[in-house]
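Asks: Relevant sequence annotations retrieved from TrEMBL are reproduced here:
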type	residues	note
BINDING	Gly10, Ala11, Gly12, Lys13, Gly14, Thr15, Arg127, Ser136, Phe137, Ile199	ATP binding site
BINDING	Thr31, Arg36, Glu57, Leu58, Val59, Gly85, Phe86, Pro87, Arg88, Gln92, Arg160, Arg171	AMP binding site
BINDING	Cys130, Cys133, Cys150, Cys153	Zn(2+) binding site
DOMAIN	127-162	domain 'Adenylate kinase active site lid'
REGION	30-59	region 'NMP'
REGION	126-163	region 'LID'
Amino acid sequence: MNLILLGPPGAGKGTQAAKIIEKYNIPHISTGDIFRANIKEGTELGKKAQEYMNKGELVPDELVVEIATDRLKADDCKDGFLLDGFPRTVFQAEKLDEFLAGQGKKIDHVLDIDVNKEELMIRLTGRRVCKTCGASFHVVNIPPKVEGICDVCGAPLIQRADDNEETAANRIEVYNNETKPLIDYYEKAGNISHIDGTIGLENVFNAIVDILGE
Ligand code: AP5
Ligand code: MG
């Protein structure tokens with residue numbers, strides 16, 4: 001099962017990814033998470049990516065494609081994978097298709113989660129993430145059992161550097177200009193499904209399971 005999660009920043013890609021990978025037993029590949037891990041470790045890649053991420057701009061295509069395709073070569077991807085936040089431009093999608101074709105593979109499903117801009121802003125500015133395991137919460141919508149503490153692993157929750165009003169608004173703008181054209185790209189490929197992301201976490205997940213099958 002080779003899957004892509006598409007949707008604007010704050011649509012719930014990471015939240016649904018956690019549930020999808022558990023049910024279908026495939027690895028979660030988030031380019032955003034890979035960059036954040038590199039920033040934390042202070043690597044060269046992290047330094048390069050941070051410049052763009054702090055402004056809510058996209059990291060240059062060549063850099064992202066190399067990182068994503070390298071990750072896809074790993075052994076744990078041989079029976080499927082869930083891409084979250086990649087591809088994000090038509091160029092990245094074409095490079096991904098070329099890479100997969102070279103391995104005799106293709107994308108089976110693209111899950112496009114849609115949420116309106118007002119709701120996205122509320123979600124992004126209210127998001128809190130676990131410093132250690134990356135689990136995602138929301139101060140109002142999905143509060144942790146104990147304020148500021150991760151339900152999953154007990155570590156402190158933090159706010160992402162790009163979850164302020166200004167950067168979040170720019171990320172939505174960048175999504176509309178650079179990533180939204182992918183909807184057309186995958187419509188032509190005939191493998192995209194659209195999901196209303198505003199119907200509650202469990203309902204969104206049930207809609208995904210309906211598409212992918214038990
Ligand atoms: P990335 O980390 O991918 O961020 P993003 O796309 O902006 O998406 P988010 O992680 O913000 O949102 P999400 O959809 O995962 O939502 P979540 O589940 O957390 O990328 C960050 C940056 O890295 C980019 O800006 C770019 O610079 C760079 N980058 C990454 N990939 C790249 C690429 N391919 N090319 C170039 N650059 C790249 O949920 C959000 C909030 O809503 C949470 O608080 C959650 O609890 C809540 N929530 C979730 N579901 C629901 C629900 N159903 N109802 C109510 N609340 C909900
Ligand atoms: Mg995410």
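Glycine is no exception: its Cβ is also placed from the backbone N, Cα and C atoms.
Annotations in TrEMBL come from automatic prediction, not curation.
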Asks: For the ATP binding residues given in the record (Gly10, Ala11, Gly12, Lys13, Gly14, Thr15, Arg127, Ser136, Phe137, Ile199), what is the largest pairwise C-alpha separation in angstrom?
Replies: 18
Asks: By CA distance, which of the binding-site residues (Thr31, Glu57, Phe86) lies nearest to Cys130 (Zn(2+) binding site)?
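Replies: Minimum Cα distance from Cys130 (Zn(2+) binding site) across Thr31, Glu57, Phe86 lands on Thr31.
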Asks: Reported as an integer number of Å, what is the Cα distance between Val59 (AMP binding site) and Gly10 (ATP binding site)?
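Replies: A Cα-Cα distance of 18 Å.
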Asks: Relative to the Cα of Glu57 (AMP binding site), which of the binding-site residues Gly10, Gly12, Gly14, Cys150, Cys153 has the closest Cα?
Replies: Gly10
Asks: Six or more residues beyond either end and a Cβ under 8 Å away: which residues meet both conditions relative to the region 'LID' (126-163)?
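Replies: Sequence-distant neighbours of the region 'LID' (126-163): 10, 14-15, 18, 33, 36, 53-54, 56, 171, 201.
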Asks: Can you tell me which binding-site residues out of Gly14, Arg127, Cys133, Cys150 are within 10 A of Thr31 (AMP binding site) by Cα, answering none if there aren't any?
Replies: none
